[in-house]
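Quick look at what Swiss-Prot annotates:
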BINDING   Ser51, Thr52, Arg53, Thr54, Gln78, Arg102, His129, Pro130, Cys131, Gln132, Cys257, Leu258, Arg285  carbamoyl phosphate binding site
BINDING   Asn160, Asp217, Ser221, Met222  L-ornithine binding site
Amino acid sequence: MRHFLTLRDCSVDEIHQLLRRATELRDMHRAGHLHQPLQGRVLGMVFEKSSTRTRVSFEAGMAQLGGHALFLSPRDTQLGRGEPVEDTARVVSRMVDAVMIRTFGHDMLERFAGHSAAPVINGLSDLCHPCQLLADLQTFTEHRGPITDRRVAWIGDGNNMCHSWIEAAGLLGFDLHIAAPPGYRPEADILALGGDRVQVFDDAYAAAEGADLVTTDVWASMGQESEQAAREEAFRGFCVTESLMECAGEQALFMHCLPAHRGEEVEAAVLEGPQSVVWDEAENRLHAQKALLEFLMLGY
């Protein structure tokens, strides 16, 4: 049984295969070509955290592939009334062909996958966000070619998105420069996944210099609202500005997994500027996940 809980659940060759297939599926969709290999298949979607892009991309993706997506929330299921995750996994996975879970604790994903008869996909956890990384890697490849031996600058919180970038650097062989204030950096065991490809910087400009891609995320994620003021103070100097993009160079792309807070982690002029590919990046969630659904349900 194959699951997709982290990028490391796929080999390097499989990641490249998924990226190629994602671009093929995007091109087919834009050309109006009907491709429905998942007729009769059902994706169960468990949302403990609300979402726009994750829900729309998985629901639309299943519909475009000929299947159906079933939305489940703790409020509407026995999960919200204390049923053990293991029991829910045993039951739901016998009725659907795959399960996507967007949750807070990564351990919930692991417990569910450990008792599931169907593939489980990490739609986001507090540890990592591998589906977003597939879309980001697809977007970079489409605009700049292979990411191997390139340089990526992560500016801001060493959060789940940063963790997945660290995994990707170790797997795919590109340099990752992380600029984050003390207290908000990835733990040593996470950094170790990137090996000598990852460096941590105190200064955002030093991290961004010569980067092929500059990327960031919100300073306070869902569930961290009470920390907003403290985080705004800690992350002063870690905003992606026009001057920081100039430091990176005209070749640098800008990405953000969204939603973005203009004027906090990124200036509006950067988000809307010529180096920004965030809207392609957002669309590619749809196509990268369609490739993943094919891979897990059909084996290709």
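Just so you know, glycine gets a Cβ as well, placed from its N, Cα and C.
Around Ser221 (L-ornithine binding site), the same-chain residues at least 6 positions away in sequence with a Cβ under 8 Å from its Cβ are Asp157, Asn159, Asn160. Of all the binding-site residues listed (Arg53, His129), His129 sits in the most crowded Cβ setting, with the most other Cβ atoms within 10 Å. Taken residue by residue with DSSP, Arg53 (carbamoyl phosphate binding site) is part of a helix. Its Cβ taken as reference, Asp217 (L-ornithine binding site) is surrounded by 25 other Cβ atoms within 10 Å in the chains shown. The Cα atom of Asp217 (L-ornithine binding site) lies nearest to that of His129, taking the binding-site residues Arg53, His129, Cys131 as the candidates. In this structure, of the binding-site residues Ser51, Cys131, Asn160, Cys257, Arg285, the smallest number of CB atoms within 10 A of the CB marks Ser51.
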